[in-house]
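Enquirer: Have a look at this one.
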Amino acid sequence: MKLFLILLSAMLVNNYVFVRFLGICPFLGVSKKTSTAIGMGLAVIFVLVMSSAISWGLDKILIAFGLEFLRTIVFILVIATFVQFVEAFLKKNNPNLYEALGIYLPLITTNCIILGVAIVNSLSRYTLFEAIFNALGAGLGFTLALIIFAGIREKLELYDVPKPFQNLPISMITASILSLAFMGFQGMIK
Amino acid sequence: MKLLTSPAPHIRTADSTADVMLDVLIALSPAVAAATYFFGLQAFILSIAGMISAELIEFFIMRVLRKDKNFVPNGSAAVTGLLLALNVSVATPWWVLLIGVLFAIAIVKHAFGGLGQNIFNPALAARIFLLVSFPTAMTTWYPPIGKFFGTYADIQTTATPLAVLKLEGFNSAMQKFTYTDLLFGNIGGCIGETSALLLIIGFLYLVLRGRIKIVIPATYLGTVFAISSIMYLVNPEKFGTPLFHLLAGGMMLGALFMATDMVTSPMTLKGQAIFGVGCGLITMLIRYFGGYPEGVSLSILLMNAFVPIIDRYTQPKIFGRRKS
């Protein structure tokens, strides 16, 4: 039950994009088409879950040696490794998606959600399973945000948006209204 | 030449946007009457102010900012303004309402492209915007005093039935409010949401005129009824009765008039059913477990965001083509 609540909390109540405002860069960058949004979401989920599991173990070692100040750099190293793995995998197996994601694929390394989740896991003293479920929830929440947003942006392409608002400005406005809507989940899970 | 995109089949009708909007305004007039009866002249002034300011702002945006010389007011902004006014407490200062109307028309409607192109329901988005920006004004409720020229300066504030349910439990709510009060609107709350009966009458008018998507209110209210029945069996004191949930808060105003907005709800019947069920589910989730006592507006706004995806996956099959 606790695992499920952690998952739900990371996905909806404390959605990393709409409530914690992390990962906005790929959120705005890859949300133009639903298909790439799903691909990006899956890549982020994979990197999130794997890197939080590994960094959970490394965190314990760092704490044992009193080296907590190395946390950020170690975590980023782990994340970068998995991103490289995903990149190589996609380049070989799904070149179309690889092309579509472009620069945003290596930039998963700097997606704040991933480092954020690893640090949240460490600060909340989650167990290994809790950390994995937190990462999974964060990834699902990110994917959900990306898919909703891609759907809206595809529709906006057809709309008569006034010139000053086209592309980025209207995306920001949409994101902020979505963020307002996600406030509804506030307070559901303490 | 400007080409329009719309789903098939295409049938021409003599009805214009203005006709539809006039019907919606007529359908909302019983609710305005109830608001005036229970909350006095101030509620009436807020309703009229909402409509006029919305039309003026839209007129300015279309004629001056978007340079559309042929623009003629069509009443859609008035509907938005009225819905927003019905969604505030009688204690709301006029300038708060004005900021809300400005946000609704300028940002939520026209920044997205204007009539028919807004992703979110402008009145709802503006309501949440006001709730976040002016939490005190938007959550201070007064009891209906039933005096036309009444002022609220010396009247003690009250809690809405849903807030009582959340904080004190169902028995306490039932001691303070009866079902008759909930049905007729003799309770504290937003000026337009209190009288369930008159909202239903207005809705029936729209149904008779063939102006409204009936699937959404049916699935929305059905879902709420189903969930609250189950939860009633689990713990009646904590969760309240199904009838209570259907009548209390903004349920009727939301399900009948906000969720059914033509622009921000799905096009296909299947999509509308999904939309309604989703709204009901999230509303009850917020009412039972959320930080806010009421979840109608937040749930509809959230489902508005899903409409493009729902539309995409519930497209009707195209017949007469070879399978690809």
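From the backbone N, Cα and C atoms, a Cβ is placed for every residue, glycine too.
Residues or ranges marked as transmembrane segment by TrEMBL: B:20-39, B:45-64, B:94-112, B:124-142, B:183-207, B:214-233, B:239-259, B:296-314. Taken from TrEMBL, the feature FMN phosphoryl threonine covers B:THR160.
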Enquirer: What number of additional C-beta atoms lies within 10 angstroms of the C-beta atom of B:THR160 (FMN phosphoryl threonine)?
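Expert: Taking every protein chain into account, the count is 24.
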Enquirer: For the transmembrane segment (B:183-207), could you work out the same-chain residues 6 or more beyond its ends whose Cβ comes under 8 Å from its Cβ atoms?
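Expert: That would be 23-24, 26-35, 38-39, 43, 46-47, 83, 85-90, 141-144, 157-161, 177, 214, 217, 246-254, 256-257.
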Enquirer: Does the structure show the transmembrane segment (B:124-142) and the transmembrane segment (B:296-314) touching, where I'm treating 3 or more Cβ pairs under 8 angstroms (sequence separation 6 or more) as a contact?
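Expert: By the criterion, they touch.
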Enquirer: Could you pull out which residues elsewhere in the chain have a CB under 8 Å from any CB of the transmembrane segment (B:45-64), counting only those six or more residues past its ends?
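Expert: The answer is 25, 32, 35-36, 71, 73, 75-78, 80-82, 84-86, 88, 90, 92, 94, 97-98, 101-102, 104-106, 109-110, 114, 191-192.
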